[in-house]
Amino acid sequence: MEGSSSTIARKTWELENSILTVDSPDSTSDNIFYYDDTSQTRFQQEKPWENDPHYFKRVKISALALLKMVVHARSGGTIEIMGLMQGKTDGDTIIVMDAFALPVEGTETRVNAQDDAYEYMVEYSQTNKLAGRLENVVGWYHSHPGYGCWLSGIDVSTQRLNQQHQEPFLAVVIDPTRTVSAGKVEIGAFRTYSKGYKPPDEPVSEYQTIPLNKIEDFGVHCKQYYSLDVTYFKSSLDSHLLDLLWNKYWVNTLSSSPLLGNGDYVAGQISDLAEKLEQAESHLVQSRFGGVVPSSLHKKKEDESQLTKITRDSAKITVEQVHGLMSQVIKDELFNSMRQSNNKSPTDSSDPDPMITY
């Protein structure tokens, strides 16, 4: 029962995150796992990304690396964590094959790598080479617990410094709190522009909720980097390792409740929503009683946009709460009802007691 439930849950997780299986009768399907040192060295020498700031457009992450990063991010709770990703490049695509955690000092808003983290990084990479894993470090990942996937000012500086000294390099951000609430992994992959570069107007990206106390940091730096399209893949060769890692993830998921575990996060979301409503209301009052007509019309559109975003945020909170409540009901029916039926004696009957007359 437990094994089948775990398998079903893992299949659901793979479907939720659109993880593709690369196995096929054609042997070329395994090329993604083959590391060609000659072509990678040639690519490093050619440096095509120097002539095109948008050269890298896609990221492929193995299911194993994704699950490792999610488990690591969830283990940190409300504290930020950090790790590195290993892989290779294939044209304009960065392929992440594996990931490992770093021993760093984290807070709720930032993460700091000390000397021991850099020593660990070097030793881990060298040991991997000795074990026949030739993939190089292709990026870093860290978590934003509860406030979305984007790069802060410190993240932009860190990523820009890494891109100057060890290209190609990628930044991945995971929100473990929203991952637990929504079920689907909340993740983003980014690369920064060089200083002084002005990017062209980009199409509107997928909307995400940004807390009011983070909006300024988000707005100031959002034009200094761009996001890459993220997809996932796996092979039947990963099945055993995925099973071992999934057991840890599955137990944590089954024994936790988004309604209880994310109580502080939900309270913070509602408080943030109230502040945004107050801000929108004050803007509406100002535009109603003052200003020239054209500017007031512009203000009205801006306020409508604000209200639209607030409506989206409130709908998202509602959906996540309903999702959490449904999961609790299902787990209650699945486990408690079975226990009650097992404890019920054979003489028990659901029929009503007969009437006794004297």
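Backbone N, Cα and C atoms are what each Cβ position is placed from, and that goes for glycine too.
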Candidate ranges 2-15, 16-29, 44-57, 142-155 [criterion: Swiss-Prot lists as motif 'JAMM motif']: 142-155
191-211, 338-358 - the one Swiss-Prot records as region 'Disordered': 338-358
Under DSSP, is His142 (Zn(2+) binding site) part of a helix or a strand, or is it coil? strand
Test of understanding: give the count of other CB atoms lying within 10 angstroms of the CB of His142 (Zn(2+) binding site). 25
At a 10 Å cut-off from the C-beta of His144 (Zn(2+) binding site), count the other C-beta atoms across all protein chains. 24
Counting every protein chain present, what is the number of Cβ atoms, excluding its own, within 10 Å of the Cβ of Asp155 (Zn(2+) binding site)? 22
For the domain 'MPN' (59-196), what are the DSSP-based totals of helix, strand and coil residues? 49 helix, 45 strand, 44 coil
Quick one: mean pLDDT on the domain 'MPN' (59-196)? 85
